[in-house]
Every structure is written in C-alpha cells, then in structure tokens.
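Read the structure below first, then the notes.
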Amino acid sequence: MKEMISPQSTVGLTSDLADDQITAKLSVPTRKTFGITIPDRWKPLWEIVLLFSFSRALFIVLTYIGVVLVSHPNYSGAGTSLHFLLESWDHWDANNYVNIAQRGYPTKNDFAFFPLYPFAIRIVAIVVRNYVVSGILLSNAAFLGALIVIHKLVLGVTGDTKVAQRTIVYLTFFPTAFFLFAAYNEAFFILFSAGMFLAMQHRQWLLAGILGALASGTRSVGILLVLPYLWECWSASDQKLFVLSKERFVRLLPICLIPIGLLVFCFYCWQKTGDPLAFSTVQAHWGRTTMWPWQAIWLTLYGIFQVHFGSFLQVHLLLDLSATLAFLLLTILGWRYLPKSYIIWSASILLLLLCNASISGDILQSNQRIVLESFPGFIVLGIISKKYPRLHQMLIFLFPFLLSILCLLFLERRWMV
C-alpha cells in the first residue's frame, strides 16, 4: 500500500529545499590563513597586505640593526634615538624632495625634481608634522596601492594567479626596492602608470588620461605614456588601422590630459626662471648628458675592465649593467607574452635611461633604481619563472639577499644609485 503525502508535507518539503538553496547561495567560501578565516574573494588582497607588511618589517629591522651596529663602538651601551634612525632614510634624492616640500624651489637646480610628490608631502605634513615621515608614509601607501593594481592588471592579462603573485613578490624584493620605502617618488609613479594601464584594460579612457597626467606630474618620463595609450586606443577597435571613426576620436580625446602634469610644471618653471624647460636644462648640473643607447652600454662594459678589480666602482658598474641588460632582455621576451602597449612602455623607459646617461665614471648611474618603474618586466619575469621553477627558486633567494645588502649601504649613506 502506497504511503500518501499530504499537501502540507509537500509545502514543507519545498520550503526546506528553497531555504537550503538560499543558504547555499549566501554562503561564502572561506579558508584559514594564520588561523584567521578569510573569504576567498578577499584572499588576494590579504596576501598582498601580508607581503607588504613583511617587506616593511624587513626594512624596519634592517634600519634598527644596521644603523645601531655601525654607528656605535663594539659593545657600547649608548642608545640611539628614533629621530636618528629616521634620519638614516633622509638623504640623496629623498632629502631633495623633503626640502622642496618645505621651501619650494629655492635654486634653479632643484627644478630637476618634479613637483607632485613633494607637493603631496607638504599636504600630508600638515597633519603628520614631520616631512620625512610624511614622505615615507606616502611612498608606502602608494606602493601598497601599486601592488594591488599590478596584481589585478596581471590577472587581466594572463588570467594566472600564480603569475600575478610572483610578479608582485619580485617587485617587492627587487634588490633596489628599498627606494619604494624611502621618500622617493618611484612608488607614486608606479601607482599612476600601472593604474593607467588597468584603466585602459577596462576601457576607462578618461580615468586613464587623468592617471597619465598625474604620472607626468611626478616624473618627466610620464609624458611617454601617450605612446601606450595611443596603441591601446587604436587597437581597441576592429576597424581599419588608419580610419579615424567617431568612436576612436572619443577614446582618443583623453590623451590630451596626459601632458597636463608636465605642462603645468613647464609653466611654473617659466614663471620662476624664465625657462619653461628648466627641469631639462639643469640636468648638466646633476651630471647628465645625452648619448646613443649603445654607447652607454659599451662604455659601462669597457669601464668594468678598466677600473681596479674588486673596487667599489667595479661592483657598482656590474650592478647597473646587470639591471639594464636584464630588463632589456625581459622587454624583448615580453613581445611574446604581453600586449604590445606594455612593451612600448617598457622600451620607452629603457631608451630614455640609456640616452640620458651620466658623465661620471658610472655611465648607467641610477638605472638599477629606475628599472623598478618598468613593471611589465616584472610581469614577464613572473611568466617565465612559472615555466622554469629553478629560476623562481634562485630569484626568491637572490633578490632578498641583495636587497638587504644594498639597503644597509643606503642607510649608511653609501652612494648606491
């Protein structure tokens, strides 16, 4: 005899099934990290924050141990003030940015430093009451933002979480990444330039133009962002290459925003000095000259064998040349792995570096710092290291090791870049 099911039971069963379906939809996948339950959608951000925090802790430890051990005699009981530890980060270009934030541009030679970053320091210092701390806070906040942006950018380009993770790890622990902690404008520039690429990836052309303007107000090389913008704008349509349609024209308009940061500074230079290109004409004071890109590489290679073996200059030349050649190679390899706009940007940075060489014994001076701005190179490195795990194992040891050494030298006011 069949069992009869009452209508009330059917309604109850249907209601239970509906509740289960709703619960299943509302439930969020989670996992534990360091004993903390993190929703899966927040996991990438959580990992970025952990990476950022660990690297900042490393710099703080290096500052304490390095500065204290070097500045005091063996087994001395004398103490060190926090102010003294903080001042160990305030030299070279960091000191110039802090001085500009405090006093503006007192001499013409100061116009080599673009205004957006010191202006931001001045604003933050109103609250913080310390210009050096303000610069460090700004750089670190910008770098955290840059890590988030680049992670999203890499996911959009490659769709590979592991490549995105490795890209930001390599950038964070690159041997000269301590400049992204100090009061230098590199972190600002990386945030704006990478942010522009992310905006273009999402076809947000107006936002891309605004971020490009901020980049050109941070560093002179920012003006070259018009090149990848132009490529992305033109290639975003299925229309013929040389056809300027209404759709393309609308997308192209925000490109006019990119030079605004540079043009505003040109106007300021003209008002103060009578020379709208003062930021360029003062480069001679800072030991810069123009040459063919292959000349810079050849002269550096020649210098390595001309100076005394084991000298400070020889090691410095090797570091600068290695960084330059490595990113040249990554740019060439990137032609296969990345969109062409990324390669155009990376090549533009490297070309400007090689043509704007130093007249000192170190022709490629500052290159090991400025290659940090070539974030497409780090993406290519992330892609290649996934294919060759041994490369990743080597870099994950070599990068933090060199970073610690160079950071300690910087803290002791040894000229690094």
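Note that Cβ sites are derived from N, Cα and C of the backbone, with glycine treated the same way.
TrEMBL: automatically predicted annotations, no manual curation.
Quick look at what TrEMBL annotates:
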type	residues	note
TRANSMEM	48-70	transmembrane segment
TRANSMEM	111-128	transmembrane segment
TRANSMEM	135-155	transmembrane segment
TRANSMEM	167-193	transmembrane segment
TRANSMEM	205-231	transmembrane segment
TRANSMEM	251-270	transmembrane segment
TRANSMEM	291-309	transmembrane segment
TRANSMEM	315-335	transmembrane segment
TRANSMEM	342-359	transmembrane segment
TRANSMEM	391-411	transmembrane segment
Feature contact check the transmembrane segment (315-335) with the transmembrane segment (205-231), CB under 8 Å, 3 or more pairs: no
Stretch contact, the transmembrane segment (251-270) with the transmembrane segment (48-70), Cβ-Cβ under 8 Å, 3+ pairs: no
Which of 48-70, 167-193, 315-335, 342-359 contacts the transmembrane segment (111-128) most, counting Cβ pairs under 8 Å: 167-193
Spatial neighbours of the transmembrane segment (342-359) far in sequence, C-beta under 8 Å, 6+ residues away: 157, 193, 197, 221, 224-225, 227-228, 231, 283, 287-297, 299, 324, 327-328, 330-331, 334-335, 365-367, 370-371, 373-374, 376-377, 379
